């Protein structure tokens, strides 16, 4: 599962760089118009709820399925459940929508999140009874998780405020770290995933985090190219994901 998770997420990131996108957000109708017309379209709110709810339920179920015999598995299950609860909260009360989602992409994202949540918690359960890692990183992981989830939420909030009610046109986002990178919400999402992997300290958690980071790097680079193509005055010094670097 570690190999499958890493390779599948990394390949999706490479596909984003090559212009073959998962169909959500700015790229929900990318590709051939003929092929897009044949696919099932969902509203963004419905699609995102389908994408995140199974993983949230897997997080909740982990408290019942796996005895919380030590603080590490309790922290891990809590972090995953909070992460996807936040996602659902944002879908219902924060995000501002302008497009849709294609069902194929929704199901792929939903399955990926669900399997990853179920696998990382099960892998953690299997470690119970084994010696703790020589270097305990779980509390550093908690700190990074809180930084990641807070920064991600803040920048999602800023994105939701750049359009007035009823306005569906994209604008160049401002505030927070948007003056340095076009996808600070992805940067903080990666920080949150790093936090989760440090809480867990299992091979699967690290492989999922590295794979997710590679996917988000590809997606953020594609997003920056999109802004450059749509806005003549888009500032060239604004990077894709990492300030002053990438």
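We count from 1, first residue shown onward.
Backbone N, Cα and C atoms are what each Cβ position is placed from, and that goes for glycine too.
Given the structure is predicted, the values throughout are model-derived calculations rather than measurements.
For reference, TrEMBL has these:
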type     : residues : note
DOMAIN   : 123-246  : domain '3-oxo-5-alpha-steroid 4-dehydrogenase C-terminal'
TRANSMEM : 47-65    : transmembrane segment
TRANSMEM : 71-89    : transmembrane segment
TRANSMEM : 101-125  : transmembrane segment
TRANSMEM : 137-154  : transmembrane segment
TRANSMEM : 175-196  : transmembrane segment
TRANSMEM : 202-218  : transmembrane segment
### Task
With Cβ distances under 8 Å as the criterion, find the stretch in 47-65, 71-89, 137-154, 175-196, 202-218 that has the most pairs with the transmembrane segment (101-125).
47-65
### Query
Among 71-89, 137-154, 175-196, 202-218, which stretch has the most Cβ pairs under 8 Å to the transmembrane segment (47-65)?
71-89
### Message
For the transmembrane segment (137-154), I need the partner stretch with the highest count of C-beta pairs below 8 angstroms, choosing only from 71-89, 175-196, 202-218.
### Response
175-196
### Task
For the domain '3-oxo-5-alpha-steroid 4-dehydrogenase C-terminal' (123-246), jot down how many residues DSSP puts in helix, in strand and in coil.
72 helix, 2 strand, 50 coil
### Message
I'd like to know the mean pLDDT over the domain '3-oxo-5-alpha-steroid 4-dehydrogenase C-terminal' (123-246).
### Response
93
